[in-house]
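Taken from TrEMBL, the feature L-histidine binding site covers ASP131, LEU132, THR133, ARG158, GLN174, ASP178, ARG327, TYR331, TYR332. The annotation domain 'Aminoacyl-transfer RNA synthetases class-II family profile' is assigned in TrEMBL to 62-416.
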Amino acid sequence: MSPFGLLPMRAWASLFSQVLRPSGLVCIREVHFHSQVSEAVLTSQLKPHQEKSNFIIKTPKGTRDLSPQQMVVREKILDMVVGCFKRHGAKRLDTPAFELKEMLTEKYGEDSGLIYDLKDQGGELLSLRYDLTVPFARYLAMYKVKKMKRYQVGKVWRRESPTIVQGRYREFCQCDFDIAGQFDPMIPDAECLKIMCEILSGLQLGDFLIKVNDRRILDGMLAVCGVPESKFHAICTSIDKLDKISWNDVRHEMVAKKGLAPEVADRIGDYVQCHGGVSLVEEMFQDSRLSQNKQALEGLGDLKLLFEYLTLFGIAEKISFDLSLARGLDYYTGVIYEAVLLQTPAQAEESFNVGSVAAGGRYDGLVGMFDPRGHKVPCVGLSIGVERIFAILEQRMKTSGQKIRTTETQVFVATPQKNFLHERLKLISELWDAGIKAELLYKNNPKLLTQLHYCEQMGIPLVVIIGEQELKEGVIKLRSVASREEVAIKRENLVAEIQKTLSES
């Protein structure tokens with residue numbers, strides 16, 4: 001070994017020969033540099049082998065891969081949701097997965113701590129988007145758009161503790177529908193609730209209820225109950241937990257942890273435990289305390305009009321005025337709503353609670369937060385909880401043992417004989433060119449039984465078979481995988497016959 005390091009003498013001799021000057025002198029500084037490089041190369045070669053035993057292949061916490069079977073179910077959900085959005089005249093929009101950090105700050109209240117900040121890249125402080133609503137508001141302000149009905153499907157990221165069994169992740173998909181613009185009161189809001197009903201009914205998730213409230217009613221209620229304005233947000237956060245914990249626990253949190261007077265908490269309790277239909281709205285109009293608050297009266301007036309439109313849409317029985325609903329996001333200014341599934345006791349034992357499956361509300365001031373002159377564009381929208389809905393349907397699939405096709409292949413091209421690859425390739429190309437979804441095995445001489453077994457395994461409905469006899473006679477055999485019946489069809493009529501058979505099935 002050489003005294004200069006770990007390299008063998010032969011390697012050092014080679015190194016010296018490379019750094020000899022034309023004059024025959026050696027640059028010792030270069031020798032030292034090459035020694036460092038060689039040691040770094042050796043270390044980099046050894047390191048992977050040393051660390052391999054401790055390396056665990058996994059996805060980051062709060063994320064997951066989706067198998068082909070899962071993707072089939074997910075695509076069906078998204079197709080249903082997007083189809084409904086399009087039926088209501090929405091245009092599709094897309095925005096970057098990350099935004100300038102300053103665009104997202106001070107938009108989410110306490111939830112701002114859940115935003116994923118990215119490492120500084122070239123002087124711009126960036127964050128992954130937390131939802132699709134704030135980027136939409138930024139888009140409207142940036143391009144000075146005053147009216148728009150849009151939908152967007154995309155991933156968002158939140159640094160919260162994931163609860164995988166309840167469909168809660170750190171990376172998840174959102175499907176949003178929003179109406180931006182100055183319109184007559186409650187017409188767009190009613191349409192958003194109608195869309196929610198159409199989607200939840202179409203997905204056949206079971207019975208559901210949409211809770212409705214108004215931030216103006218909520219703020220008015222807190223004011224007349226004696227809550228200091230400085231504590232509005234903190235008390236709203238406590239009220240928002242009523243779907244998870246009892247009123248006694250919420251009251252204890254308000255009094256013991258947030259310093260609210262017990263009698264004030266009791267007055268709040270009289271309101272937040274109320275829920276009902278339009279009759280409750282009328283009752284609140286007559287309430288001696290609430291009727292004295294201008295904000296609350298405005299909210300009640302809009303809710304009364306909203307229920308009138310919901311009745312015309314035929315969905316009023318699905319809507320409940322619930323004074324405990326207090327959606328946490330700071331940007332909501334008016335009507336807010338949240339959809340939950342109603343489970344029978346038997347379903348509750350079999351299933352699990354995923355919380356709300358859709359939510360939304362009115363946010364009239366958010367666009368103005370981006371506009372230099374503070375110009376507002378009133379907006380109302382909704383978001384469908386795809387991950388939670390998927391968790392429910394995935395659980396049902398496991399329970400029922402339902403088999404799912406992961407491909408849409410309609411026809412398989414097969415042969416019973418050897419040396420027919422060229423004929424199969426010509427045939428499948430003809431099918432592809434006609435828009436027919438087709439497959440073959442990537443083998444020169446596959447066995448017919450193997451090919452037919454593959455069709456049964458993958459749920460492919462039709463097989464076209466070509467062999468010597470068929471080639472001589474100018475026909476192709478068309479076989480039904482389910483019934484195993486075969487018919488001979490003239491080669492020139494094959495595409496038309498396949499299309500006819502597929503349309504009838």
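Note that Cβ sites are derived from N, Cα and C of the backbone, with glycine treated the same way.
Known features from TrEMBL, placed on the structure.
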{"residue": "ASP131", "record": "L-histidine binding site", "contacts (Cβ under 8 Å, 6+ apart)": "VAL156, GLN174, ASP176, SER383"}
{"residue": "THR133", "record": "L-histidine binding site", "contacts (Cβ under 8 Å, 6+ apart)": "ASP176, ASP178, TYR331, TYR363, LEU366, GLY381, SER383"}
{"residue": "ARG327", "record": "L-histidine binding site", "contacts (Cβ under 8 Å, 6+ apart)": "ASP240, ILE336, GLU338, ALA359, GLY361"}
{"residue": "TYR332", "record": "L-histidine binding site", "contacts (Cβ under 8 Å, 6+ apart)": "ARG215, GLY361, ARG362, TYR363"}
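Around the Cβ of GLN174 (L-histidine binding site), a 10 Å sphere holds 18 further Cβ atoms from the protein chains shown.
Here the binding residues for L-histidine are ASP131, LEU132, THR133, ARG158, GLN174, ASP178, ARG327, TYR331, TYR332. Their largest Cα to Cα distance works out to 21 Å. Predicted-model confidence for the domain 'Aminoacyl-transfer RNA synthetases class-II family profile' (62-416) is 91, expressed as mean pLDDT.
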